[in-house]
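Over in TrEMBL, the protein carries these features:
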- A:12-31: transmembrane segment (TRANSMEM)
- A:52-68: transmembrane segment (TRANSMEM)
- A:74-101: transmembrane segment (TRANSMEM)
- A:113-133: transmembrane segment (TRANSMEM)
- A:153-182: transmembrane segment (TRANSMEM)
- A:203-230: transmembrane segment (TRANSMEM)
- A:242-262: transmembrane segment (TRANSMEM)
- A:269-290: transmembrane segment (TRANSMEM)
Amino acid sequence: MTVLSRIAPQLIVLAALIALVSVFYPGFLSIDIQNGRPVGPVIDILKRSAPVALLAVGMTLVIATRGIDLSVGTIMAICGAAAAWALTQGLGAGAAIALALTAGLAAGLWNGVLVAVVGIQPFVATLILMTMGRGVAQLITEGRILTFTDPGFGWVGSGVALGLPVPVWIWLATAIAVAVIMRRTALGLLVEAVGINRRAAHLAGVNATVLLIAVYIASGFCAALAGIVVTADIRGADANNAGLWLELDAILAVVIGGNSLLGGRFSVAASVLGALIIQTISAGILLAGFASEYNLIIKAGLVLIILVLQSPRIASEWRLWRDSHRAERGRT
Amino acid sequence: MTRTLMTTVAALALCGGAAAAQTVGFSQIGSESGWRAAETTLTRQQAEERGYQLQFSDAQQRQENQIAAIRSFVAQGVDAILLAPVVATGWDSVLEEAAEAEIPVVLLDRRVDSDESLYLTAVGSDLVHEGEVAGQWLVDQVAGEECRIVELQGTTGSSPAIDRKTGFETAIAGHDNLEIVRSQTADFTRARGKEVMESFLQAEGGGADICALYAHNDDMAVGAIQAIKEAGLAPGSDILVVSIDAVPDIFQAIAAGEANATVELTPNMAGPAFDALEAFWAEGTMPEKFIQTESRLYTQADDPQGEYDRRKDLGY
């Protein structure tokens with residue numbers, strides 16, 4: 001199966017959504033250049049997808065090992081708080097980013113050890129950090145929104161490079177790097193092997209423990225990038241709200257990307273498209289100008305339609321119905 | 001000697017009758033927001049200034065912790081209880097226990113649905129009135145000119161979002177030059193405020209068609225101000241910005257000319273509460289059942305930098 005045919009359903013859904021939003025908001029695809037930066041709904045969607053797309057990249061790997069990482073939203077808050085703390089201490093943008101990434105790696109290591117070495121179920125193991133971590137972030141920020149003015153760090157969240165917002169480059173680079181590492185080496189295959197049957201993979205010589213720890217570290221790293229992006233964007237670390245419930249959006253993106261929660265085969269590209277689909281829905285609702293009471297219902301309705309269309313059972317029923325229909329027509 | 005002793009006794013009796021050395025229990029919801037942290041700080045300050053012993057209990061968002069705290073205050077025999085209730089229901093029995101022990105209870109910030117006789121008074125702000133003050137400012141500011149307004153709502157269905165929307169709409173009703181053209185929730189957060197404002201700017205001709213922004217809290221306004229700046233417009237002049245809460249960061253924006261006005265939701269609920277308690281202790285005066293705090297409007301003319309300096313260490 002080529003990459004294109006794997007991600008075809010997600011591309012079709014995205015195209016259909018763009019067409020749907022264009023009905024309500026005709027200027028959806030227009031892009032202007034203002035003050036040397038591209039401006040348009042599509043650019044906004046690419047930029048606003050950054051947190052969920054980054055989380056979805058890490059989450060795809062974790063889910064491929066039949067795991068789940070509920071703590072990514074909280075890791076975002078911790079890393080954002082750590083970065084803002086470093087900036088308010090006058091340590092500079094480089095140190096802030098290094099500290100945030102280190103915090104993300106450490107959080108991932110914590111999850112990985114709990115899952116792979118201690119043997120706690122991923123759902124429970126990452127739930128611990130999800131619950132506890134926001135408290136850690138609040139301790140760092142002392143419960144307030146830590147604001148800073150560092151223009152270098154702010155550039156990561158709202159700057160423009162080579163015609164696109166910086167966050168877009170960050171998630172594109174991360175997704176491409178992970179996809180290439182997974183598919184140009186045997187790593188992707190090994191991750192899938194662990195997800196399908198950890199014991200069998202172990203007996204076949206795969207070091208499942210190290211691999212599991214590694215995917216949770218990768219997830220923590222992606223969450224740290226997402227945390228840096230959102231913190232830089234608003235130039236402040238909001239420990240209470242940064243990344244709140246985004247773990248669920250990330251899981252949804254992975255699922256819309258057609259990846260099974262039972263592990264095994266995965267596609268990073270499809271998950272990232274899933275994130276774009278989610279953001280297109282949110283942006284479309286805002287642009288169309290519906291009352292905010294309808295936001296969640298519309299979002300849920302569209303997600304339901306997308307998932308039903310992707311359901312293997314619906315697909316096989318449809319094929320069955322189509323074939324019998326053809327056969328009937330053939331008889332008459 | 002006898003005289004000295006008698007004077008001392010008299011003085012002590014006076015002290016007991018007046019406010020000094022009173023013990024007050026304070027059951028706080030938690031520290032989920034900067035505003036609540038500031039409320040705690042100010043309550044401690046007020047108690048210290050008036051020479052009260054403050055027994056502080058942080059309930060960490062759980063009603064059972066608050067009930068346990070009130071029971072322990074009753075057992076200690078405090079002179080009064082301040083309660084910032086986490087939810088409105090389920091307070092009857094514990095308030096009855098306090099009433100039986102003849103300890104006055106004052107509710108802060110939020111209300112309960114128990115019988116009014118079970119508490120002395122409730123101190124709080126009128127959320128609808130806050131919205132009205134913000135709306136009235138805008139009505140006066142534009143002085144009859146056409147103005148298309150975008151609104152950033154709080155969390156859908158929350159009472160501040162509903163009431164602040166209602167109040168603002170009441171204030172601009174009857175002024176046909178003012179119109180809310182877009183209104184969306186941004187969940188009271190900076191990140192969402194920025195994101196939703198970006199889409200408003202997109203949808204309204206790059207922001208050229210927007211004359212004013214009304215945000216249900218300052219944090220959303222701070223996020224939106226960044227979105228306006230990044231769209232190449234000047235917040236505060238191209239687009240007027242009015243919001244509610246008066247947190248320190250909005251005063252920085254006002255001082256920089258990037259926001260125009262904010263309506264204060266004062267975290268000093270304890271001051272009016274202690275005033276009412278002092279009158280009650282001294283003469284048994286029963287206060288009104290609801291003491292409304294002032295919803296003061298701050299603009300660029302009200303020394304925003306000074307207001308920032310006064311607030312920045314309150315724990316916001």
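Just so it is clear, glycine is given a Cβ too, placed from its N, Cα and C backbone atoms.
As the structure is a computational prediction, the values presented were derived from the model and not from experiment.
Beyond the ends of the transmembrane segment (A:153-182), by six or more residues, the same chain brings 36-38, 43, 46-47, 49-50, 53-54, 57, 61, 83, 87, 93, 96-97, 188, 191, 218, 222, 225, 228-235, 268-269, 272 to within a C-beta distance below 8 angstroms of the stretch. Against the transmembrane segment (A:74-101), the recorded stretches A:12-31, A:242-262, A:269-290 differ in Cβ pairs under 8 Å, and the greatest number is found for A:242-262. Sequence-distant neighbours of the transmembrane segment (A:269-290) (same chain, 6+ residues past either end, Cβ-Cβ under 8 Å): 3, 6-7, 10-11, 13-14, 17-18, 20-21, 24-25, 28, 41, 44-46, 48-49, 52-53, 55-57, 59-60, 171, 175, 179, 249-250, 252-259, 298-299, 302-303, 306. Same-chain residues lying 6 or more positions outside the transmembrane segment (A:113-133) and placing a CB less than 8 Å from one of its CB atoms are 62, 66-71, 73-75, 77-78, 107, 208-210, 212-213, 216, 247.
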